[in-house]
Amino acid sequence: MTKIENCKSCLPTENEVEEEALSGVTFLGRVFKVARCERPVFTYMSIILFLVSYIYSVSRDMKDAIIIERLDPASIPYLKVLVVLPVNICIVFSIQKILINTSVSKVFSIMCVMFGIYFCLYGTVLMSFRHIFELNEFLIRDWFADDKMVFMGLQWTIALALPVNSWTSSLMYLSAEIWGTVVFQFLFFALSNEIYTQKQSLRFIPLFLVFGNVALIVSGFSMKFIKYVSEQGSYEFTLFFRKLVFVLMGICSFVIYLIHRYFEDNIAHKPLFVTSEASYKQKTKSKIGFMEAMQTMASSRLVLAISFVVIAYSVSVNMVEASFKTCMSQYALQKGAQADFHVMGVQSDIQLAVGALSIILLLSSFPALIRDKGFLYVAFVPPIFCIFGMASVFGMAALNNSARGNRTLLGFVSIGENLWLEQLLGAIIVTGFKILKYSAVDVSKEALSMRINPAYRARFKGIYDGVCGKLGKAIGSGITNMQNVFYNSSDVRKAAISSLTIVTVITACWGFAVRYLAGKYDKSTHSNTDIDIDLINVDPMEKDADDL
């Protein structure tokens, strides 16, 4: 007997480890379903995800504050469509090509180092010398002062001009989005799929999301501290403190790299148990281009329905956030507060609420409702919430615009402007959307994914997880941009009635898609077979299946 065979004979089987993980007698044991031998491999990955999520949460709120301070809320949709979407697609597809000959682990390490260098350079160089790198930051605002462009019908172009003039702020917005998409959503979970078996993934992924939401809570308190320090200090001290925040994010990126390298060298590849023949590690990679992804999506009604659900959610969230962020900026001006400080305070409150409530839902029996009650009980919650949420946000925006005398599609009786109430409703609805993202949209989507034949699963997930989320945001931003052009304004709240109409139509289609998916899911579970992917054209998919 060789040394390796002797070592394996001392290891428990995967089923024995699974039984130990599921047999917790204490509260923590029942919540954190992790066997004793799995604790190191789970703990290090949880720490990595915590730091990745913390950087993403802080950078996301910092970028929103910087954009509202130096640019305009109406600039965000243009950045999403013209900058973030194409750059994100290019980076993701480039990484997929690199992964043909390179491991996910190496790419993850490289990205952490690159972002670490970038964050440090941004805090020390770009923020210190942006007056040299950029044109006069007041140049564009002077062009648009005194409503000169309103009479020319070009007021909406300020949202395009400001990101070009203040390009360092646009770069910060782009980098925060790329960190969230590439490092957080793509590479980390691709790395976990290479390390864990399928049974481990089913237990660990919800727990990883818990640690991600703990990071969200910590970042919420961090943003409150940043806001407090910024309000108390002078302009020079506030600028120095913000530089320090970016440098600390860079240091955190390097810490992630060091923890990951130690984990890879000493823990990740040590055998924990004897893997059963029925189990396998999820190493399948989805190597698809954009056009190929669209063609594959169009060949299956099931994938079209799942993709539409993802797109509908992203469009709805994007449109309500555009209105909400504009309202925050307007309310800050109304009460004489500095816009970036005000945004930090509101965003930190949202983070705390989302993190705490998401953890409660993820640790409760809510994710198991699909199994116990049925698919519709979970999947139908987001579109129902969307209808009431959009009616609240856009309805209040329409009333406030009427009170100010701004033209909308329908006339309303002036009842007095109440931006505080509009902001409060917006914060509640945005919080609800983000909570439902973790606890309902993702849970129902993953339940469907687990019923798809493994031969197609990786390719289909590459479509609705890798492409459709950003595509939905781009569509929502495009709708916002077109409405700004139509109303000759940078305030999308003037289009509240048309926004409500568009989202209502999208949500109705969302509901029909959920009902269709529920029927397919229930049929699959009752017959205990793979879900019917409902092919439109069988021959191309049969060929793809043979290739797989």
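Glycine is treated like the rest: Cβ placed from N, Cα and C.
Taken from Swiss-Prot, the feature transmembrane segment applies to 39-59 (among others), supported by sequence analysis. Listed by sequence, the residues of this chain that lie at least six past the ends of the transmembrane segment (39-59) yet keep a Cβ under 8 A from its Cβ atoms are 115, 172, 175-176, 179-180, 183-184, 188, 192, 195-196, 204, 207-208, 211-216, 218-220, 222-223, 245, 249, 252-253, 255-256, 259-260, 262-263, 267-268, 272, 351.
What Swiss-Prot lists as transmembrane segment is 75-95 (among others), and the listing cites sequence analysis.
Feature annotation from Swiss-Prot assigns N-linked glycosylation site to ASN101 (among others). DSSP gives ASN101 (N-linked glycosylation site) a coil state; it is part of no helix or strand. Taking the Cβ of ASN101 (N-linked glycosylation site) as reference, no residue of its chain lies under 8 Å away while being at least six apart in sequence.
The transmembrane segment annotation in Swiss-Prot covers 107-127 (among others).
Summarising the annotation, Swiss-Prot assigns transmembrane segment to 149-169 (among others) and lists sequence analysis as the type of evidence.
Counting residues 6+ beyond its ends, the transmembrane segment (171-191) has Cβ neighbours under 8 Å at 48-49, 52-53, 55-56, 59-60, 62-63, 66-67, 76, 79-80, 83-84, 87-88, 91-92, 95, 104-105, 107-108, 111-112, 115, 118-119, 122, 126, 205, 285, 465-466, 470 in the same chain. For 171-191 (among others), the entry in Swiss-Prot reads transmembrane segment.
Sequence-remote contacts of a segment are chain residues at least 6 beyond its ends whose Cβ falls under 8 Å from one of its Cβ atoms, and for the transmembrane segment (204-224) they are 32-34, 42, 45-46, 49-51, 53-54, 57-58, 61, 189, 192, 196, 344-345, 347-352, 354-356, 358-359, 362-363, 367, 438, 442, 446. Per Swiss-Prot, the feature transmembrane segment maps to 204-224 (among others); the stated evidence is sequence analysis.
Look at Swiss-Prot and you will find 239-259 (among others) tagged as transmembrane segment, backed by sequence analysis. Residues 44, 47-48, 51-52, 54-55, 58-59, 62, 109, 112-113, 115-120, 122-124, 127-128, 226, 229-230, 233 of the same chain lie 6+ residues outside the transmembrane segment (239-259) yet bring a C-beta within less than 8 angstroms of a C-beta in it.
If you look up Swiss-Prot, you'll see 302-322 (among others) marked as transmembrane segment.
Sequence annotations record features per position, and here Swiss-Prot assigns transmembrane segment to 350-370 (among others) based on sequence analysis.
The annotation transmembrane segment is assigned in Swiss-Prot to 374-394 (among others) on the grounds of sequence analysis.
Among the features that Swiss-Prot reports, N-linked glycosylation site is placed at ASN400 (among others). A sphere of 10 angstroms centred on the C-beta of ASN400 (N-linked glycosylation site) encloses 22 other C-beta atoms.
The feature N-linked glycosylation site is assigned by Swiss-Prot to ASN406 (among others).
Positions annotated as transmembrane segment by Swiss-Prot: 410-430 (among others).
Look at Swiss-Prot and you will find ASN488 (among others) tagged as N-linked glycosylation site. All protein chains considered, the CB of ASN488 (N-linked glycosylation site) has 16 other CB atoms within 10 Å.
Taking Cβ pairs closer than 8 Å, the transmembrane segment (494-514) reaches residues 305, 308-309, 312-313, 315-316, 319-320, 323, 376, 379-380, 382-383, 386-387, 390-391, 394-395, 397-398, 401, 406-410, 479-480, 483-484, 486-487 in its own chain, all 6 or more past its ends. Positions annotated as transmembrane segment by Swiss-Prot, on the basis of sequence analysis: 494-514 (among others).
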So if I exclude everything within five residues of the ends of the transmembrane segment (374-394), which remaining residues of that chain have a CB under 8 angstroms from its CBs? That is, six or more out. 309, 312-313, 316, 319-320, 323-324, 366-367, 422, 425-426, 428-429, 432-433, 436, 440-441, 443-444, 447-448, 496-497, 499-500, 503-504, 507, 510-511, 514-515, 517-518, 521-522
Residues of the parent chain within Cβ reach of the transmembrane segment (302-322), under 8 Å, 6 or more residues beyond its termini: 73-74, 76-77, 80, 296, 379, 382-383, 386, 389-390, 393-394, 426, 429-430, 433-434, 437, 441, 445, 448, 452, 460, 463-465, 468-473, 475-477, 479-480, 492, 499, 502-503, 506-507, 509-510, 513-514, 516-517, 520, 531-534
At the Cα level, what's the spacing in Å between ASN400 (N-linked glycosylation site) and ASN488 (N-linked glycosylation site), rounded? 18
Using DSSP and three states only, what is ASN400 (N-linked glycosylation site)? helix
